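Q: Per Swiss-Prot, active site, proton acceptor is recorded for GLU91. Marked as domain 'Radical SAM core' by Swiss-Prot: 97-340. Sequence annotations record features per position, and here Swiss-Prot assigns disulfide bond to CYS104-CYS345 based on sequence analysis. Look at Swiss-Prot and you will find CYS111, CYS115, CYS118 tagged as [4Fe-4S] cluster binding site. Under the heading S-adenosyl-L-methionine binding site, Swiss-Prot lists GLY166, GLU167, SER198, SER220, LEU221, HIS222, ASN302, citing sequence analysis as support. The annotation active site, S-methylcysteine intermediate is assigned in Swiss-Prot to CYS345 on the grounds of sequence analysis.
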Amino acid sequence: MNTNLLDFDLDGLAAYCEQLGEKRFRATQLFRWIHQRGASDFDQMSDLAKSLREKLKACAHITALPVLTEHVSADGTVKWLFDVGGGDAVEAVFIPEDDRGTLCVSSQAGCAVGCRFCSTGHQGFSRNLSTGEILAQLWYAEHSLRKRLGTGGERVISNVVMMGMGEPLQNYTALVPALRAMLDDHGYGLSRRRVTVSTSGVVPMIDRLSQDCAVAMAVSLHAPNDELRDPLVPLNRKYPIHELLDACERYLEFAPRDFITFEYCMLDGVNDQPEHARQLIELVRARGDGRSWCKFNLIPFNPFPASGLLRSPAARVTEFASLLSNAGIVTTVRKTRGDDIDAACGQLAGDVKDRTRAAERMARQRTIVLKQVP
């Protein structure tokens with residue numbers, strides 16, 4: 001069996017090297033070559049013994065995901081569409097800013113949560129990504145951007161957010177080794193504060209992540225009460241808001257930051273009224289023993305045809321943000337980036353899936369016609 005070495009964190013790679021009869025320090029060397037230097041050719045790895053390089057050539061590989069398309073926005077945002085096979089594709093987005101470079105990474109092909117305002121959720125769920133498929137997005141983005149920008153080997157991506165396609169905590173087994181590789185000083189060397197997992201609220205896995213790999217946490221809240229959140233985020237029927245907020249408080253005991261970020265997609269006439277802001281204020285004040293324990297990130301909705309939803313007017317978003325801020329809650333409004341390259345997460349991948357399904361339908365129709373010919 002030929003093994004993709006992107007599928008391992010350092011401990012996993014060490015175990016693999018031991019199976020080959022090698023010492024652990026060889027895994028550390030190999031890990032650095034892969035993740036810090038972006039090497040995919042074992043012959044490039046000059047400090048590895050030739051005997052090990054020959055072993056690896058026979059049983060392993062370092063393979064990124066095929067890139068279907070790359071779109072570069074006028075504001076510098078880059079979106080890649082990666083082929084994960086079976087007619088599925090996933091997206092990763094690089095967002096450059098003055099003081100950081102953030103990569104938004106996907107964890108699943110499709111998503112089973114089915115949030116009403118999410119383009120990915122409307123596609124349905126295909127499968128979980130492997131650890132290697134998650135890391136391959138970072139590996140490709142980091143090293144292709146280094147070459148393009150001519151950084152001389154300096155790191156381009158300073159922050160990773162698991163906010164692409166899929167619910168990360170429903171792919172827990174693959175997620176945690178990927179996070180560990182991002183944090184490892186022999187890998188990407190990112191701090192726990194600079195890696196964020198965004199979840200729609202898988203309560204048991206929030207608790208588990210706090211013990212296994214506590215990074216920064218963002219929660220897709222989007223509503224101040226269960227009645228409103230149930231149809232927007234169907235997972236809320238299983239883990240209602242009070243259970244979710246309890247889990248957030250428990251997570252803070254282990255988190256690298258002293259706050260949870262609540263993401264709140266602003267939907268015209270749905271969840272953007274002053275009464276909704278006041279309900280959020282009540283939720284926040286009921287917890288935290290008077291201390292500041294969360295912040296809100298208000299997100300302008302990226303419309304797509306199947307949603308039946310509209311973006312809240314800018315003036316209403318400003319008013320909503322002011323109500324929260326005046327109550328002492330740190331509140332930001334996310335800048336829209338990459339509007340000219342299909343900004344809504346999942347739209348490009350959805351186009352691929354739609355074309356694949358159309359081709360399959362045409363193939364079935366041709367088969368039926370051929371069978372009917374006497």
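Positions of Cβ are set from backbone N, Cα and C atoms, glycine also.
Computed from a predicted structure; not experimentally measured.
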Q: Tell me whether SER220 (S-adenosyl-L-methionine binding site) sits in a helix, a strand or coil according to DSSP.
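A: The three-state answer is strand.
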Q: If you measure LEU221 (S-adenosyl-L-methionine binding site) to CYS115 ([4Fe-4S] cluster binding site) at Cα, how many Å is it?
A: 11
Q: So for ASN302 (S-adenosyl-L-methionine binding site), how many other CB atoms are inside 10 Å of its CB?
A: 21
Q: In sequence order, which same-chain residues at least six apart have a C-beta under 8 angstroms from SER198 (S-adenosyl-L-methionine binding site)?
A: VAL161, MET162, MET163, PRO168, ALA218, VAL219, SER220, GLU263
Q: Expressed to the nearest Å, what is the distance separating CYS115 ([4Fe-4S] cluster binding site) and the residue listed as 'active site, proton acceptor' at their Cα atoms?
A: 18
Q: Test of understanding: give the count of other CB atoms lying within 10 angstroms of the CB of the residue listed as 'active site, proton acceptor'.
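A: The Cβ of the residue listed as 'active site, proton acceptor' has 26 Cβ neighbours within 10 Å.
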Q: Quick check for the class: what is the C-alpha distance, in angstrom and rounded, between HIS222 (S-adenosyl-L-methionine binding site) and GLU91 (active site, proton acceptor)?
A: 23
Q: List the recorded positions among GLU91, CYS104, CYS111, CYS118 whose C-alpha is within 10 Å of the C-alpha of ASN302 (S-adenosyl-L-methionine binding site), in sequence order, or say none.
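A: Near ASN302 (S-adenosyl-L-methionine binding site) by Cα: CYS118.
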Q: Using a 10 Å cut-off between Cα atoms, which of these recorded positions sit near CYS104 (disulfide bond): GLU91, CYS118, GLY166, GLU167?
A: GLU91
Q: Within the domain 'Radical SAM core' (97-340), what mean pLDDT does the predicted structure show?
A: 95
Q: Among the recorded positions GLU91, CYS111, CYS118, report those whose Cα falls within 10 Å of that of GLU167 (S-adenosyl-L-methionine binding site); none is a fine answer.
A: CYS111
Q: Inside 10 Å of the Cβ of CYS104 (disulfide bond), count up the other Cβ atoms and send me the figure.
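A: There are 24 such Cβ atoms around CYS104 (disulfide bond).
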Q: Which is it, of GLU167, SER220, HIS222: the one of these binding-site residues whose Cβ has the most other Cβ atoms within 10 Å?
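A: Counting Cβ neighbours within 10 Å, the top one is GLU167.
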Q: For the S-adenosyl-L-methionine binding site, please report the maximum Cα-Cα distance among GLY166, GLU167, SER198, SER220, LEU221, HIS222, ASN302 in Å.
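A: Spelled out: the longest distance between any two Cα atoms in GLY166, GLU167, SER198, SER220, LEU221, HIS222, ASN302 is 19 Å.
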